[in-house]
Amino acid sequence: MYQELIRNELTEAASVLQAFLADEQNLKDIEAAAKLLADSFKQEGKVLSCGNGGSHCDAMHFAEELTGRYRENRPGYAGIAISDPSHLSCVSNDFGYDYVFSRYVEAVGRRGDVLLGISTSGNSGNILKAIEAAHAKGMKVIALTGKDGGKMAGLADVEIRVPHFGYADRIQEVHIKVIHILIQLVEKEMAK
């Protein structure tokens, strides 16, 4: 009854991934982002990650893979998802939701740290403010975006963009693949 829908969904997902894979610059950007992360960890830096909705979950997943493990046992790496409910509710109430990530970056970000900002549209106001705060602190910025990169286009040290203009879930599906590859590459870089 739903097999055609299922096939169409999987076909579209494969098509979006294939289009992303066909652009060699995406592979170079993933490698550059992984090296940027590993360089920070080698200097005892940390990565702060943030996103909204499903991208928030991806930011948490990324941090968890760093502090925990991916495929193999190894030392934990300093990854913090900006996701503490008391912080989010305090800043939302006192300053507004656009500041939930930037206030955290201002509080704990340091020169040599990295911000990973995830936004499928590239237009999330709170991610844009977090990027601004990260730059002010001397941090490096990696952005996972979609569509045309939105307002985040050109603001990061490394932007990894999924140029899909349909629903956000297709962009998120590629983002999670990128996150897993970043972890794998960081592990290889740290083992050198």
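Placed from the backbone N, Cα and C atoms, the Cβ positions cover glycine too.
Per Swiss-Prot, the features are as follows:
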- 37-192: domain 'SIS' (DOMAIN)
- ASN52, GLY53, GLY54, GLU65, ASN93, ASP94, SER119, THR120, SER121, SER124, GLN172: substrate binding site (BINDING)
- HIS61, GLU65, GLN172, HIS180: Zn(2+) binding site (BINDING)
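Structure coloured by features recorded in Swiss-Prot.
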{"residue": "ASN52", "record": "substrate binding site", "DSSP (3 states)": "coil"}
{"residue": "HIS61", "record": "Zn(2+) binding site", "DSSP (3 states)": "helix"}
{"residue": "ASN93", "record": "substrate binding site", "DSSP (3 states)": "helix"}
{"residue": "SER119", "record": "substrate binding site", "DSSP (3 states)": "coil"}
{"residue": "GLN172", "record": "substrate binding site", "DSSP (3 states)": "helix"}
{"residue": "HIS180", "record": "Zn(2+) binding site", "DSSP (3 states)": "helix"}
Here are some binding-site residues: ASN52, GLY54, SER119, SER121. Which one has the most Cβ atoms within 10 Å of its Cβ?
SER119
Please work out which residue of ASN93, GLN172 has the most C-beta neighbours within 10 angstroms of its C-beta, and give that one of the binding-site residues.
GLN172
Out of HIS61, HIS180, which has the highest number of nearby Cβ atoms, where nearby means within 10 Å of its Cβ, if these are the binding-site residues?
HIS61
Rounded to the nearest angstrom, how far is the Cα of HIS61 (Zn(2+) binding site) from the Cα of GLY54 (substrate binding site)?
10
